[in-house]
Amino acid sequence: MIVHLIAAAASQETTTAAPQETIAALQEVQENLEQLKPNVMLETIKGWMPSIISFGISILLAIVIFFIGSRVIKILHGMLNRSFKRVDMEVSVRKFLLSVINAAMYCLLAFIIAGQVGVNSASIVALLGSASIAIGLAVQGSLANFAGGVLILLMKPFRVGDYIVSESGEGTVRTIGLVYTVLTTADNKQVVIPNGTLSNHPLTNVTAMDKRRLDILVEIGYGADLKKAKELLQMIFDSQPEVKKDEPIDIFVNALSANSVTLGGRGWTLVEDYWTARWKILERIKLEFDEAGIEIPYSQLDVHIKDGGR
């Protein structure tokens, strides 16, 4: 009613040269008020209903897909874990592979859910690709170490518990991580080495085999009894419990130097007995040679003072 009065007033004022724009504005206000009537609002809502229902169904389906997909991923994770255990895969390798496979499956699930709710998957892939490039440029060194860790875990040049010697240090392997490998030295120091260094440089795995050859060299004077010295060295190797008796033991002359004859002894021990056998044999050589009167040469300086007054 108020709108009609305003319109009437406007019509009267128009006869007195009111602007046509005012009449048009008032008519637009009247049309907007007409749209607010209940029947018009219902018609608008009815027009939106298909879209609302479709979006709600998409959300419900996305939730269902998430729960089913998560359950399937957990089942596959358990199956893979049991399979890796049956083939006696190393713990660190198993955990790494399971983490990568788990992440890949959840990413696939996320893409499926995004497509279900109408998100453009191509945009997500482009965004992830750009982020990956930026992150890769920022952490090039860490990525090299990560790649080295993956190679070490897959190729297995050494395992936890092995004793390795590298350009960066030596010791017993305590932890093989994705970026660093931790060693413990013989005097109980911790050495942390980047995996990129270990994978790109030569290293020696001392304990890769179950047995190790023991080589001992000892010098005797030219005046010593060579046969007696060889017999004593043979007896020392034969009586040493750490030296394997089912492997050959060799006693030989290794070199004839300017001041001494170098004898060599060679036998085999278990890796864990190597240093014990070496230390015991060296001690026995010194004691037995001294008792038999076989001289072990050593550097010495003789000073002769000449009496110039006589």
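Keep in mind that glycine also has a Cβ here, set from the backbone N, Cα and C atoms.
Feature annotations, reproduced from TrEMBL:
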- 52-76: transmembrane segment (TRANSMEM)
- 96-118: transmembrane segment (TRANSMEM)
- 124-154: transmembrane segment (TRANSMEM)
- 142-207: domain 'Mechanosensitive ion channel MscS' (DOMAIN)
- 218-296: domain 'Mechanosensitive ion channel MscS C-terminal' (DOMAIN)
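For the domain 'Mechanosensitive ion channel MscS' (142-207), the number of residues in each DSSP class (helix H, G, I; strand E, B; coil) is 20 helix, 25 strand, 21 coil. Summarising model confidence by region, the domain 'Mechanosensitive ion channel MscS C-terminal' (218-296) averages a pLDDT of 95.
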